[in-house]
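As written in Swiss-Prot, here are the features:
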ACT_SITE  Asp151  active site, proton acceptor
BINDING   Val27, Gly28, Arg29, Gly30, Thr31, Tyr32, Gly33, His34, Val35, Lys52  ATP binding site
COMPBIAS  373-431  compositional bias 'Low complexity'
COMPBIAS  446-501  compositional bias 'Low complexity'
DOMAIN    21-335  domain 'Protein kinase'
REGION    333-501  region 'Disordered'
Amino acid sequence: MDYEFKMKTQQERAKVEDLFEYEGCKVGRGTYGHVYKAHRKESNDTKDYALKQIEGTGLSMSACREIALLRELKHPNVINLIRVFLSHTDRKVWLLFDYAEHDLWHIIKFHRAAKATKKPVMVPKGMVKSLLYQILDGIHYLHSNWVLHRDLKPANILVMGEGNERGRVKIADMGFARLFNAPLKPLADLDPVVVTFWYRAPELLLGARHYTKAIDIWAIGCIFAELLTSEPIFHCRQEDIKTSNPYHHDQLDRIFNVMGFPQDKDWEDIRKMPEHHTLTKDFKRSNYANCSLVKYMERHKIKPDSKAFHLLQKLLLMDPNKRITSEQAMQDPYFSEDPMPTADVFAGCPIPYPKREFLTDEDQDDKGESKRQQQQQQQQQANQQAQQNQQQQANHQNQQQNQQQQANQQNQQSQQQQQQQQMQQQQQAQAGGMDHSAAKRVRMSGPNGQPGNGMNQQDYQVQQAQQAAAAAAAAQQQQQQQQQQQMMFNNQQQGGFQQRY
């Protein structure tokens, strides 16, 4: 490409900073980048817009996927991508959307805080129904076009504020969305872990490779329950961590504590899940015998015979093949009873929720410092755990060494006892031989203990010296612990021998 033509094209290309005013109007941040509330410069257009700056330089795969899908998808309940800005100077990417003043995360947070007061304010029933219907309508459109959202959660469900689309639901953040009509490989191979843990379907947690649009339905069921109770139904303390292993023990435990352990008859394919062996090893069915969705919702004052509960049950079926579809859910009797769902989820009433606050760099620094402190605490806990593990290993090794020493001592004592028994047997045999020789000499001796006719005085003295030497040699063979006993025994033997003579 001609250099001059390239430079001319860049100069003519619109720049986001020339068209929009957004400085000091940051309303959101995340791993994706930053979001600003913006309005046009030098224009009669008073409409507010959302400018999403993609983190990093250039286009990431997630950004490319989101741009490609949103340029094709057009539905009242799916966020509208108006324009894409590419800055060739700093290689920044900007996405321009319609601005939504509210989202379900802030709305539910507002009502959860109200529950702590003496006069709790729940999300109005009509508003819950309208929110759910519009979410289902938007997801039905995505599924009809072979798109899985894969990251549905309250923060990604936007609600428009005052304006032409007041109270309209907008499904946002398509960074994890995928086409599923004919993937080149199993979806689990592309992204092993998707969806925030609290809204993750059980088949994902058990390592399903060929998962379907039922994972979005499970997430909608979680959002529905949260709207009814103002509490995350499958709240788990574990943070959302990207990992290649989809199995998550604590999240499964939380699901079973609410739903109960799945029966084989209720989920026939559970044995085919890649992590089924780990599941049976880590969990006992009997621990969740008294758990059920009925009991959980009754604690939150949701009657099990209500149409809302019946629909919730269909959305939160463990078996993805039995889980209701978005189209079937929209035709559920829940939506045909009063109050009927409305296009404006606020039903024309004043909006009680505060507008988004602008974030400052100090907020960012505070959050960064808080994050660093949290990381330091986690590191300290990890170090303490490692030290405890090392101490346990050292204690175990010391215990093994002590046991080995005790075993060696027992073996030595056993060997000493055997040697003592053998020596005693030898001594008894020698004593018997000495008694026999003494008796023979008595028969051969004359009066007053003198040698008899068969032995002269010299032979007698030689024989006596030999016997004394033999007794001394036997005494030396005994161990130190038995020396005194052996010497007493020899003295007794010698004393008896002298008495005979």
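Cβ coordinates are placed from backbone N, Cα and C, and glycine is handled just like the others.
In this structure the alpha carbons, written CA, of Arg29 (ATP binding site) and Asp151 (active site, proton acceptor) are 17 Å apart.
Cα to Cα, Asp151 (active site, proton acceptor) and Gly33 (ATP binding site) are separated by 17 Å. Within the same chain, residues at least 6 positions away in sequence whose Cβ sits under 8 Å from that of Val35 (ATP binding site) are Lys26, Val27, Gly28, Arg29, Ala50, Leu51, Lys52, Gln53. Contacts of Gly33 (ATP binding site) defined by a Cβ separation under 8 A and a same-chain sequence distance of 6+ are given as Lys52, Gln53, Ile54, Glu55, Gly56, in order along the sequence. Taken residue by residue with DSSP, Gly33 (ATP binding site) is part of a strand. In three-state terms derived from DSSP, Val27 (ATP binding site) belongs to an extended strand segment. Per-residue confidence over the domain 'Protein kinase' (21-335) averages out at a pLDDT of 90.
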